[in-house]
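Copied from TrEMBL, the annotated features are:
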TRANSMEM  27-49  transmembrane segment
TRANSMEM  70-89  transmembrane segment
TRANSMEM  123-145  transmembrane segment
TRANSMEM  157-180  transmembrane segment
TRANSMEM  200-219  transmembrane segment
TRANSMEM  248-272  transmembrane segment
TRANSMEM  292-318  transmembrane segment
Amino acid sequence: MASPRMETFCCPNRDAATEFVVTFQPVLFGALSLGSAALSLLFAILQILPKRKGYRRLGQYPLPRPASSSRILFIISICDILGCTGVIVRSSVWLGLPNIVDHISVVNNTDVWPEVFCIGSAMWIQLFFSASFWWTFCYAVDVFLVVKTSAGISTIILYHMITWGLAVLLCVEGVAMLYYPSISDCEQGLQHAIPHYVTTYAPMLLVLIANPVFFNRTVSTVTSLLKGRQGIYTENERRLANEIKIRFFKMMLVFFICWVPNIINESLLFYLEMQTDISDNSLRNIRNTALITWFIMGILNPMQAFLNTLAFHGWTGFDVDFSLQQRRELVWDSVSTSAANMTSHNPVVGTTLLYQSHVQESQKNMMGNGQHHSDAISVLSEGSESSTVEIHISSELQDYEDIDADGESLENSVRH
């Protein structure tokens with residue numbers, strides 16, 4: 001799991017609260033963490049593999065590349081998978097070599113390899129789960145910006161710089177402060193360890209606080225655009241807005257379930273650290289609650305990899321397509337049922353699942369012909385295997401009788 005307590009445990013002169021939770025039933029805890037991470041890794045990889053019937057194309061032509069939001073969701077899954085891999089390696093070594101934990105002590109300070117493995121595995125897990133947090137925050141920002149300004153795929157480079165830069169910087173800074181002046185003799189004191197815990201939980205708290213705000217603003221903006229274009233709010237549009245809300249809600253629900261126990265557990269352990277004797281009988285309930293949340297963390301933290309893919313794509317099935325040719329033509333987004341219904345019943349508000357590059361290209365073509373002026377809105381779609389939907393809202397249609405001809409010309413322009 002991703003907890004700064006694991007890195008604190010690598011200090012031979014660790015605090016009593018960390019010693020209490022990490023050394024309580026280590027075999028059982030390691031087995032639960034290993035099983036949870038292995039299942040999550042297996043199903044997460046299964047979810048993101050290309051499927052024969054899991055993805056549908058718009059028309060007959062392949063689309064070249066996914067939208068930025070779709071790429072972000074894929075990167076989040078990769079970060080979660082790499083974090084689960086670290087949990088599997090660490091739990092396997094600790095279960096297979098139980099004596100390695102005993103070597104991390106003040107008495108045995110000659111063998112540094114147990115400490116090196118402990119710190120290396122802990123940093124690996126923290127780095128990729130922290131990057132997953134930053135990418136989750138960037139996803140909320142991205143869908144909001146796309147709805148507001150029709151931002152394109154180029155912003156993905158900026159997201160890479162922000163997420164990986166901050167993840168590496170905070171991880172290295174936190175570990176450097178924690179293991180000062182040396183790994184074998186960490187400085188004691190709660191104040192010395194606080195910067196490490198702040199760098200670990202800062203991106204997590206950012207997602208918990210900021211993402212609901214961005215998601216709410218995105219849904220409000222989409223609703224306003226759907227209403228404002230024609231001055232009415234049909235049942236199909238209402239259904240689409242509700243599906244978007246459900247998708248965002250599922251993403252935040254997964255995050256809350258997987259990571260709120262960490263905050264609760266850390267608060268309890270900080271409280272125990274401030275006590276002169278954590279074994280005092282009056283602290284029994286606090287100790288029990290800390291142990292319960294500790295084991296919950298060991299199970300739920302790795303499960304984020306699989307649960308995130310369910311929130312992003314739904315269940316994609318077991319029908320994996322190992323054909324290389326089909327993999328090249330894989331399209332990440334598909335037409336949702338609600339979007340298809342909306343298109344057929346409301347000719348003025350056309351909803352298409354086009355990539356941002358295609359939407360913007362089509363917009364230029366249509367504006368050049370003097371027929372349309374369009375806005376590309378990128379939001380999540382519930383009920384399909386896609387991760388990003390482009391709601392193509394057409395306005396200023398000059399002649400309703402030319403809708404079929406206009407749709408045919410749009411299809412031809414995208415195809416060529």
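The backbone N, Cα and C atoms fix where each Cβ goes, and this holds for glycine too.
Note that TrEMBL annotation is computational and uncurated.
Tallying C-beta pairs under 8 angstroms between the transmembrane segment (70-89) and each of 27-49, 123-145, 157-180, 200-219, 248-272 places 123-145 first. When each of 27-49, 157-180, 200-219, 248-272, 292-318 is scored by its Cβ pairs under 8 Å to the transmembrane segment (123-145), the top-ranked stretch turns out to be 200-219. Same-chain neighbours of the transmembrane segment (27-49): 1, 74, 77, 80-81, 84-85, 87-88, 91-92, 94-95, 98, 294-295, 298-300, 302-310, 313, 315-316, 318, 320-321, counting only residues six or more beyond its ends whose CB sits under 8 Å from a CB of the stretch.
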